[in-house]
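Record features, source Swiss-Prot:
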BINDING   GLY39, PRO40, THR41, GLY42, SER43, GLY44, LYS45, THR46  ATP binding site
BINDING   THR41, GLY42, SER43, GLY44, LYS45, THR46  substrate binding site
REGION    64-67  region 'Interaction with substrate tRNA'
SITE      SER130  site 'Interaction with substrate tRNA'
SITE      ARG152  site 'Interaction with substrate tRNA'
Amino acid sequence: MLPFEFEFNTTSSPECDVCLDPQKLFVKLFKRTIVLLSGPTGSGKTDVSLALAPMIDGEIVSVDSMQVYQGMDIGTAKVSLKARQEIPHHLIDIRHVQEPFNVVDFYYEAIQACQNILSRNKVPILVGGSGFYFHAFLSGPPKGPAADPQIREQLEAIAEEHGVSALYEDLLLKDPEYAQTITKNDKNKIIRGLEIIQLTGKKVSDHEWDIVPKASREYCCRAWFLSPETEFLKNNIQMRCEAMLQEGLLEEVRGLLNQGIRENPSAFKAIGYREWIEFLDNGEKLEEYEETKRKFVSNSWHYTKKQKTWFKRYSIFRELPTLGLSSDAIAQKIAKDYLLYS
């Protein structure tokens, strides 16, 4: 219910549906509107965001767990420095590769960035492919029990004896929803998930979240999920991986090893890095190059399927088919929607 009464003009033109909908009018008067843009890896999120920002006077907030790290540029498809100079970007290059960065850190950094952008009468545009991070932004940071050294030691022993895949299979049985959102090689997240289940008797996906100001309450969130045609996306992933190698991904990985990426399990296991770290560790054998590249492409493709699964859970994200549309055309659709609510 609105806290006041209005007489609504029901003869307004179809374009002005804000005039006909009390909820939309309430949002328009009392909430600031922000834009959330996601989509699978290789769907063109970056190009769309760069086209969209000037249309709505926006600044971009990265929703990516690896783009926060300095030096992880090519493998994360980080937006160019030139583009960042033209359009302000937030949450990029804010950590050294050895420093930890988790979903709680992201939540508070992202909220702070949005407040800063809005204080200057600009529009926050959150862009990325991490469903877990978007969920934290909308719902608040996760609240879980403290780590239990004994349980962790037991789980580490299982991983040592039977491999991380055994732990992942266990997590898949106990909490398939959460397991689908992480990679089967991410030992830290797998162990943390099993630890929470063992300590609380509840699935991670069912766990309570901290009672803090939530973006979904504070702002009117207009959220979009880019949905390219499957064959197009597959081809794009292949070309993207090839381009990264041509741009110097292997040299980037060598540099990160020198900077201590092994000290950061999350960064060390990131797709596009773990495959080539293994290749370098095995002596850079020429006969293993093509197989490593195949794994790189395959892992990237499988991750896109996890992303789609995650975002299907959230009705706030509206699917936007992109077949036959340029980045500008997609941006115009989103800008038109934003202007209706702002």
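The backbone N, Cα and C atoms fix where each Cβ goes, and this holds for glycine too.
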(message) Between the Cα atoms of GLY42 (ATP binding site) and SER130 (site 'Interaction with substrate tRNA'), what distance do you get, rounded to the nearest Å?
(response) 13
(request) List the residues of the same chain that sit at least 6 positions away from GLY39 (ATP binding site) in sequence and have their Cβ under 8 Å from its Cβ, in sequence order, or write 'none'. (result) LYS45, GLY129, TRP224, PHE225, LEU226, SER227, PRO228, GLN307
(message) With an 8 Å cut-off on Cβ distance to the GLY39, PRO40, THR41, GLY42, SER43, GLY44, LYS45, THR46 Cβ center, who else from the chain surrounds the ATP site?
(response) GLY129, LEU226, PRO228
(request) Go through LYS45, ARG152, the listed recorded positions, and name the one with the sparsest Cβ surroundings, counting other Cβ atoms within 10 Å. (result) ARG152
(request) Measure from the Cα of SER130 (site 'Interaction with substrate tRNA') to the Cα of every one of the binding-site residues PRO40, SER43, GLY44, THR46, then give the nearest. (result) PRO40
(request) State the Cα to Cα distance, in Å, between THR41 (ATP binding site) and ARG152 (site 'Interaction with substrate tRNA'), rounded to an integer. (result) 32
(message) What is the set of residues, excluding THR41, GLY42, SER43, GLY44, LYS45, THR46, whose C-beta falls within 8 angstroms of the centroid of the C-beta atoms at the substrate site?
(response) GLY39, PRO40, ASP47, ALA77, GLY129, LEU226, ASN236
(request) Report the nearest neighbour of ARG152 (site 'Interaction with substrate tRNA') in space among the binding-site residues PRO40, SER43, GLY44, comparing Cα positions. (result) PRO40
(request) Summarise the model confidence on the region 'Interaction with substrate tRNA' (64-67) as a single mean pLDDT, whole number. (result) 96
